[in-house]
Amino acid sequence: NLIQFKKMIKKMTGKEPVVSYAFYGCYCGSGGRGKPKDATDRCCFVHNCCYEKVTGCDPKWDDYTYSWKNGTIVCGGDDPCKKEVCECDKAAAICFRDNLKTYKKRYMTYPNILCSSKSEKC
C-alpha cells in the first residue's frame, strides 16, 4: 500500500517521499500525462503502468508482506496480487535511488498543466 511504498522510498533514497516525489514531474503522484520530464519521472510512469497491470487487489490500499535483507527489499506472502504490488513498489524505490544524481528540484512541484504533450503508452 502507499504507506509501505513511502517507507521503501525513504529507506532507499533518504528523501521524504511525500515532499520529494508526490508532485514530481508529470507522472509522480496521482494520474499522469504527457512525456516524463526525466529519469525520476519515468520511474513514476513505469510504476503507474505496473499498477495498471495488477488485478485482484488494490495497489494503493492493500497491505503486502516484505522485508529487508542486506539493504534489499524482499517481497513475500502467499497472495500473488499483493506480491506483484510489492514488486512494483520495490522497482520504483530502486529506480528513485538509482536516479538520485539527476533528481531536479525544479520538478518537485511541477504544474500538471505543463504536461500537455501526448501521453506515452505503457
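Even glycines carry a Cβ here, placed using N, Cα and C.
The disulfide bond annotation in Swiss-Prot covers Cys26-Cys115 (among others). When Cβ atoms from all protein chains are considered, those within 10 Å of Cys115 (disulfide bond) total 19, not counting its own.
Under the heading disulfide bond, Swiss-Prot lists Cys28-Cys44 (among others). Same-chain residues at least 6 positions away in sequence with a Cβ under 8 Å from that of Cys28 (disulfide bond) are, in sequence order, Tyr21, Ala22, Thr40, Asp41, Cys43, Cys44.
The disulfide bond annotation in Swiss-Prot covers Cys43-Cys95 (among others). All protein chains shown were included, and the count of other CB atoms within 10 Å of the CB of Cys43 (disulfide bond) stands at 25.
Taken from Swiss-Prot, the feature disulfide bond covers Cys49-Cys122 (among others). Within the same chain, residues at least 6 positions away in sequence whose Cβ sits under 8 Å from that of Cys122 (disulfide bond) are Asn48, Cys49, Glu52, Lys53.
Cys88 (disulfide bond) carries a helical DSSP state (H, G or I). What Swiss-Prot records for Cys50-Cys88 (among others) is disulfide bond.
Cβ neighbour count for Cys81 (disulfide bond): 16 (other Cβ atoms within 10 Å of its Cβ, all protein chains included). According to Swiss-Prot, the disulfide bond annotation covers Cys57-Cys81 (among others), on the basis of similarity to another entry.
Per Swiss-Prot, disulfide bond is recorded for Cys75-Cys86 (among others). Around the Cβ of Cys75 (disulfide bond), the number of neighbouring Cβ atoms within 10 Å comes to 17.
Under the heading region 'Important for membrane-damaging activities in eukaryotes and bacteria', Swiss-Prot lists 105-117. Within the same chain, residues 19-20, 23-26, 31-35, 37-38, 40-41 sit at least 6 positions outside the region 'Important for membrane-damaging activities in eukaryotes and bacteria' (105-117) and bring their C-beta atoms closer than 8 Å to a C-beta of that stretch.
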Would you mind reading off the Cα separation of Cys75 (disulfide bond) from Cys115 (disulfide bond), to the nearest angstrom?
33
Please report the three-state DSSP label of Cys49 (disulfide bond).
helix
Once the DSSP letters are reduced so that anything not helix or strand counts as coil, what is Cys81 (disulfide bond)?
helix
Identify, in sequence order, the residues in the chain of Cys86 (disulfide bond) that are 6 or more apart from it along the sequence and have a CB within less than 8 Å of its CB; answer 'none' if there are none.
Gln4, Tyr64, Thr65, Tyr66, Ile73, Cys75, Gly76, Gly77
Counting all other Cβ atoms within 10 Å across every protein chain shown, which of the disulfide-bonded residues Cys44, Cys50 scores highest?
Cys44
